[in-house]
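Feature annotations, courtesy of Swiss-Prot:
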{"type": "DOMAIN", "residues": "6-73", "note": "domain 'J'"}
{"type": "ZN_FING", "residues": "158-243", "note": "zinc finger"}
{"type": "REPEAT", "residues": "171-178", "note": "repeat 'CXXCXGXG motif'"}
{"type": "BINDING", "residues": "Cys171, Cys174, Cys231, Cys234", "note": "Zn(2+) 1 binding site"}
{"type": "REPEAT", "residues": "188-195", "note": "repeat 'CXXCXGXG motif'"}
{"type": "BINDING", "residues": "Cys188, Cys191, Cys215, Cys218", "note": "Zn(2+) 2 binding site"}
{"type": "REPEAT", "residues": "215-222", "note": "repeat 'CXXCXGXG motif'"}
{"type": "REPEAT", "residues": "231-238", "note": "repeat 'CXXCXGXG motif'"}
{"type": "REGION", "residues": "405-459", "note": "region 'Disordered'"}
{"type": "COMPBIAS", "residues": "418-435", "note": "compositional bias 'Low complexity'"}
{"type": "MOD_RES", "residues": "Cys456", "note": "cysteine methyl ester"}
Amino acid sequence: MVKEKEYYERLGVKPDCTEDELKKAYRKMAVKYHPDKNQGPGKDAAEAKFKDISEAYEVLSDPEKRKMYDSYGSEGMKESGFHASSAEDLFSHFFGAGGGGGGFSFGGGGGDDFGGFSFGNMGGMGGMGGMGGGHKKRRKGEDIEHEMNRSLEELYNGKLVKISISRDEVCKTCKGSGSNKPGVTTTCPTCNGSRYVFQKKQVGPGMIQQVQTACHTCHGTGEKIKEEDKCKECKGKRVIQGKKIVQFQVEKGTRDGERIMLQGQGSEYPGVPPGDVIITIREKPNVNFKRNGDNLIYTKRLKLLDSIAGSQFIINTLDQRKLWVNHEKGDIIKQGDMRYIENEGMPIKGTSRKGKLIIAFDIEYPSNLTNDDIEKLSKILPKAATPSVSKSDCKSVGLSKVNFNTNEQSSHGGAGGAYQQHGGAYGHQKQQQQGFNPADFGAQFGGGGPQQAQQCQQQ
């Protein structure tokens with residue numbers, strides 16, 4: 001059983017797919033989304049897709065990386081030090097560009113899966129072991145990936161954001177040549193001009209990962225300059241570290257994990273366009289609302305009388321408005337019940353509409369009642385059911401309160417521990433300590449999956 005399926009889904013294959021099925025899926029999708037084939041309005045989206053499928057194929061085509069991904073998922077890959085290679089380098093290696101003549105080009109159409117793509121004389125495709133095959137020219141500078149935490153209020157209202165990034169910039173002293181003298185470069189002896197070397201890294205018991213990194217001798221250029229000939233400013237690296245302020249708009253309705261691409265704002269390299277800056281948005285938790293797709297879930301605590309006799313209350317929205325909510329008399333609300341308000345949820349990106357504001361009710365019962373109160377209630381509320389067997393045929397037992405604030409344990413693990421282990425019902429005492437969590441019930445409003453919807457229907 002694999003931990004997650006995202007990489008498989010990017011390529012449209014199943015987790016038990018064969019190596020040939022992986023290659024076929026990557027070949028078809030890489031050609032479809034290659035930047036050279038997508039120059040129209042959807043260029044940015046196609047380029048992001050191209051990078052996603054390349055990252056997925058790089059991992060799944062390597063048996064060691066695939067084994068690690070299946071066991072630990074993408075987070076485990078990150079923790080092991082994995083960084084995706086250039087999508088263009090992977091594409092070039094796969095289709096044989098730079099490996100021994102031939103190459104590839106994009107035509108104007110074609111009726112097959114490859115849409116006019118010409119493979120030419122590619123030679124052998126080979127495996128992913130060495131990424132060799134001679135010097136591969138960069139298509140552009142390196143991309144810079146950045147994760148950014150944004151509040152739910154900002155994702156609701158939208159926000160213009162400015163950040164400072166560190167990036168490589170072409171050295172102005174040597175104009176990116178790495179030397180102040182012409183014609184002094186030679187092929188790097190360490191990487192043989194390929195710009196990359198591979199290092200083995202132990203990431204777990206009996207697990208060795210082969211990590212591709214930029215050559216430490218030539219700093220990923222594929223060329224070597226004698227020490228005495230190197231530019232004094234960049235030390236022969238052709239680029240220096242610089243800072244750049246970038247600005248972008250977080251659109252209303254942006255979701256957790258969504259990526260924003262700032263084209264041409266990434267690292268520079270001589271003779272090629274700059275790379276991109278890719279911002280991944282992470283949603284910070286909110287104390288009042290929980291997001292469920294396009295819906296917002298708000299927990300409202302009601303006293304027992306209000307849940308029966310009706311009530312009015314205020315909800316402060318994420319854009320500083322106030323909603324006067326009228327709960328009509330006769331609409332009896334039970335513990336765990338939900339109601340919703342149309343068009344008061346999260347903005348739906350690209351539209352003027354919003355999702356639903358779902359109100360999940362947590363009913364507050366009185367902590368104690370007098371005999372007089374009980375007598376009055378017994379005249380109004382339905383009578384309790386009488387057991388159908390004789391008391392003399394049963395063992396008579398009483399009830400004791402469970403205290404969730406203590407660490408007392410019985411020989412069977414303690415009532416509180418058992419309650420928390422098995423989930424329990426949403427009892428009043430547990431709610432006071434932890435609060436009602438309605439996240440599992442959002443599916444019926446369009447925010448969750450089939451399992452969540454089934455749970456909601458069973459309430």
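Cβ atoms are placed via backbone N, Cα and C, with glycine included.
Between the repeat 'CXXCXGXG motif' (231-238) and the stretches 171-178, 188-195, 215-222, Cβ pairs under 8 Å are most numerous for 171-178. In sequence order, Lys172, Thr173, Lys175, Gly176, Ser177, Gly178, Ser179, Asn180, Lys230, Lys232, Glu233, Lys235, Gly236, Lys237, Arg238, Val239, Ile240 are the residues of the same chain, not among Cys171, Cys174, Cys231, Cys234, whose CB sits within 8 A of the CB centroid for the Zn(2+) 1 site.
A count of other CB atoms within 10 A of each Cβ picks out Cys218 as the most crowded of the binding-site residues Cys171, Cys188, Cys218. When averaged over the repeat 'CXXCXGXG motif' (188-195), pLDDT in the model lands at 83. Closest to Cys215 (Zn(2+) 2 binding site) in space, going by CA atoms and restricting to the binding-site residues Cys171, Cys231, Cys234, is Cys234.
Neighbours of Cys231 (Zn(2+) 1 binding site), defined as other CB atoms within 10 A of its CB across all chains, total 21.
Spatially, by CA atoms, the binding-site residues Cys188, Cys191, Cys218 include one closest to Cys171 (Zn(2+) 1 binding site), and that is Cys218. For the pair Cys188 (Zn(2+) 2 binding site) and Cys174 (Zn(2+) 1 binding site), the C-alpha distance works out to 20 angstrom.
Listed in sequence order, Asn180, Cys231, Glu233, Cys234, Arg238 are the same-chain residues six or more apart from Cys174 (Zn(2+) 1 binding site) with CB atoms under 8 A from its CB.
There are 24 other CB atoms within 10 A of the CB of Cys191 (Zn(2+) 2 binding site), with all protein chains counted.
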